[in-house]
Amino acid sequence: MNPKVEYKQIQSHDEAENQVLQHECHQAKARKYYRCAVVIAIIITLLFCVLASQLLLFPLFSITSQTTTEIVLNKDIQCDDQCRFVLVESIPEGLVYDANATINPSIFQSWLNILTSAKSSVDIASFYWTLTNEDTQTQEPSAHQGELILQELLNLKQRGVSVRVAVNPPDSPLRAKDISALKDSGADVRVVDLPKLTDGVLHTKFWVVDSEHFYIGSANMDWRSLTQVKELGATIYNCSCLAEDLKKIFEAYWILGLPNATLPSPWPVNYSTPYNKDTPMQVMLNSTASQVYISSSPPPLSATGRTDDLQSIINIIDDAKKFVYISVMDYSPTEEFSHPRRYWPYIDNHLRKAVYERNVNVRLLISCWQNSRPSMFTFLRSLAALHSNKSHYNIEVKIFVVPATEVQKKIPYARVNHNKYMVTDRVAYIGTSNWSGDYFIHTAGSALIVNQTQSVGTSDTIQMQLQAVFERDWNSNYSRTFNTLSSWKEKCIF
C-alpha cells in the first residue's frame with residue numbers, strides 16, 4: 001500500500017509574480033523606513049549637539065565673565081606704592097588757636113600742589129562751583145585763593161592736561177559762571193542729574209590727579225571753603241592703587257552725566273573693587289603699614305565690592321574699644337528733607353549701644369550757625385541726657401561756633417565748622433557727607449577709611465593726627481558745652 005503523500009498545489013505564474021512584487025514592496029518600505037530612521041537619527045544628533053553646546057559652551061562664556069569679575073574682586077589687596085598722606089585743613093580767617101595748638105597744611109596749598117604737578121589728567125567730583133566771589137556780588141578780598149585755584153584749572157588745557165568735572169545741576173545762574181569758564185577753557189564738564197536719578201544730590205568732594213594723587217574731604221569748590229569756612233580733608237600723593245580705586249567712583253558719576261542716563265543694576269565689572277571693610281587695601285602710608293578702603297553712598301551708586309558709607313560708619317563705631325569722636329556740621333537721626341518726615345536712628349542707635357554695652361567714650365562736636373535746624377538740637381539733647389554722674393554713661397555733646405566780625409557775618413554760607421570726620425582708638429574716617437539719613441540714602445558721598453593699629457609702637461599715625469585735631473577743637477574757646485535746648489541760639493552767636 002502506497003504511503004499517503006501530501007502534495008502542495010503548484011502556484012500559477014501570476015501568483016508567483018504577486019509574491020515577488022509583495023516582497024519587493026516590503027523591501028522598498030523597509031528601505032524607506034531605514035532612510036527615515038537615519039534622517040531622524042541625524043536630526044536627534046544635531047539637536048543633541050546644539051543642546052550640548054548650550055550646556056557646555058555658553059556656560060563657558062558665563063564662567064569667563066564670572067571669572068573676570070572674580071579676578072577684579074580677588075585682586076591682590078597688597079599695594080606696593082609708598083604713599084604719602086597729608087592731613088589738610090582750612091582755618092577761617094579770624095579763628096586763632098593757642099600758640100602750641102596742632103596746625104596742619106592748608107587745603108589751598110595742597111590743591112595748588114597737585115594742580116601744578118599735574119601731567120596728564122585732573123578729575124574733580126563736586127557739589128557746586130563758586131571759586132570767585134561773583135555769587136555774592138562783592139569784592140571780598142578773601143576770595144583771592146579761590147580765584148587762584150580757578151585760574152590754575154583754566155590753564156591746565158594749555159599744558160596738555162585733560163580736565164573732567166562731574167557736578168550737580170547748578171541751582172542758580174551765579175553758580176554756573178565757573179562751569180562756563182571751565183568749558184570755555186577746554187575742560188569736559190558733565191552735569192550729573194542725581195535729583196532725577198536718586199532724589200538726592202552729588203555732594204561728593206574729591207579730586208584725582210594723574211591717577212596717582214588725590215584729595216578727599218569736606219571742602220567744596222567754593223572760595224569760602226579756603227578762607228571763610230572750617231574744613232578738613234586728606235591729600236594723598238604717589239598712591240596709584242588708591243587713586244585708581246577712587247577714580248572708579250568718579251567714572252560712575254561720569255557715565256551718569258550722559259544724556260538720559262539711568263542707574264545700572266548691577267554695575268559693570270570695571271566699576272567693581274576688591275577693597276572694602278572686609279578686605280581693605282594693604283598699603284604703606286607715611287612708611288606705616290595701613291589698611292585702607294574707600295566707601296561710597298548711596299547704595300545704588302555702589303558697584304560690587306564697594307562698602308556703603310553708612311555701613312562703613314556703623315562698622316567703625318562697632319569696632320571701637322575706647323572712644324568714638326565725631327565732628328560733623330549736621331547730625332540728626334532723621335531724613336531731613338523727606339516728606340512726610342521719617343525717623344532714621346541707625347547711627348544714633350549704634351552710638352548709644354557703644355556707650356551702654358561697651359562703655360565706650362563718645363563725643364560729638366556739632367556745628368552751630370545761622371542755618372542750623374532747631375530740630376537737630378532736640379536729638380542732641382537726647383544724646384547728652386545719657387551722661388550723668390549717676391549713670392556713668394560716658395557721652396558728651398558740644399557745639400562749635402566759628403566767630404565772625406560784622407563784615408564776615410554778611411558773607412552768605414560762611415563762618416561754620418564744615419568738618420565731616422570721625423576718629424576712634426582704631427580708625428580714622430574722613431568723609432564728605434553730613435550725618436542725617438538723606439545723605440546716605442539718596443545723596444552721593446564718599447569717604448576714606450584708614451586703620452594703622454597693626455603698626456604697634458608707631459608714633460604719629462593718621463588716627464593720632466586726627467585725634468589731635470579733634471581734641472584741639474574740643475578744648476578750644478570755640479567749643480561750648482551743650483546743656484539745654486532753649487539756650488542753643490545764644491550759644492551759636494559770638
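For all residues, glycine too, the Cβ spot is worked out from N, Cα and C.
If you check Swiss-Prot, you get these features:
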- His203: active site (ACT_SITE)
- Lys205: active site (ACT_SITE)
- Asp210: active site (ACT_SITE)
- His418: active site (ACT_SITE)
- Lys420: active site (ACT_SITE)
- Asp425: active site (ACT_SITE)
- 198-225: domain 'PLD phosphodiesterase 1' (DOMAIN)
- 413-439: domain 'PLD phosphodiesterase 2' (DOMAIN)
- Asn100: N-linked glycosylation site (CARBOHYD)
- Asn238: N-linked glycosylation site (CARBOHYD)
- Asn260: N-linked glycosylation site (CARBOHYD)
- Asn270: N-linked glycosylation site (CARBOHYD)
- Asn286: N-linked glycosylation site (CARBOHYD)
- Asn389: N-linked glycosylation site (CARBOHYD)
- Asn434: N-linked glycosylation site (CARBOHYD)
- Asn451: N-linked glycosylation site (CARBOHYD)
- Asn477: N-linked glycosylation site (CARBOHYD)
- 1-37: topological domain 'Cytoplasmic' (TOPO_DOM)
- 59-494: topological domain 'Lumenal' (TOPO_DOM)
- 38-58: transmembrane segment (TRANSMEM)
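Everything Swiss-Prot records as a feature, shown here on the structure.
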| residue | record | DSSP (3 states) |
| --- | --- | --- |
| His203 | active site | coil |
| Asp210 | active site | coil |
| Asn238 | N-linked glycosylation site | coil |
| Asn260 | N-linked glycosylation site | coil |
| Asn389 | N-linked glycosylation site | coil |
| His418 | active site | coil |
| Asp425 | active site | coil |
| Asn434 | N-linked glycosylation site | coil |
| Asn477 | N-linked glycosylation site | coil |
Out of the active-site residues His203, His418, the residue with the smallest number of other Cβ atoms within 10 Å is His203
Cβ atoms within 10 Å, counted per site: which of Asn260, Asn270, Asn286, Asn434, Asn477 has the most, among these glycosylation sites?
Asn434
Around Lys420 (active site), how many other C-beta atoms are within 10 angstroms of its C-beta?
27
Counting distance between Cα atoms, which of the recorded positions His203, Asn260, Asn434 is nearest His418 (active site)?
Asn434
For Asn451 (N-linked glycosylation site), the same-chain residues 6+ apart in sequence with C-beta under 8 angstroms from its C-beta are Pro280, Ser290, Gln291, Val292, Arg426, Val427, Ala428, Gln463
Alpha-carbon distance [His203 (active site); Lys420 (active site)] in Å:
12
How long is the line from the C-alpha of Asn260 (N-linked glycosylation site) to the C-alpha of His203 (active site), rounded to the nearest angstrom?
21
Can you tell me the mean pLDDT for the domain 'PLD phosphodiesterase 1' (198-225)?
98
CB neighbours within 10 A of Asp425 (active site), counting all protein chains shown, number 16
Simplified to three states, DSSP reports Asn270 (N-linked glycosylation site) as helix
DSSP says Asn451 (N-linked glycosylation site), in three-state terms, is strand
Measuring CA to CA, name the entry from the recorded positions Asn100, His203, Lys205, Asn238, Asp425 that ends up nearest Asn434 (N-linked glycosylation site).
His203
Where does Asn286 (N-linked glycosylation site) sit in the DSSP three-state scheme?
coil
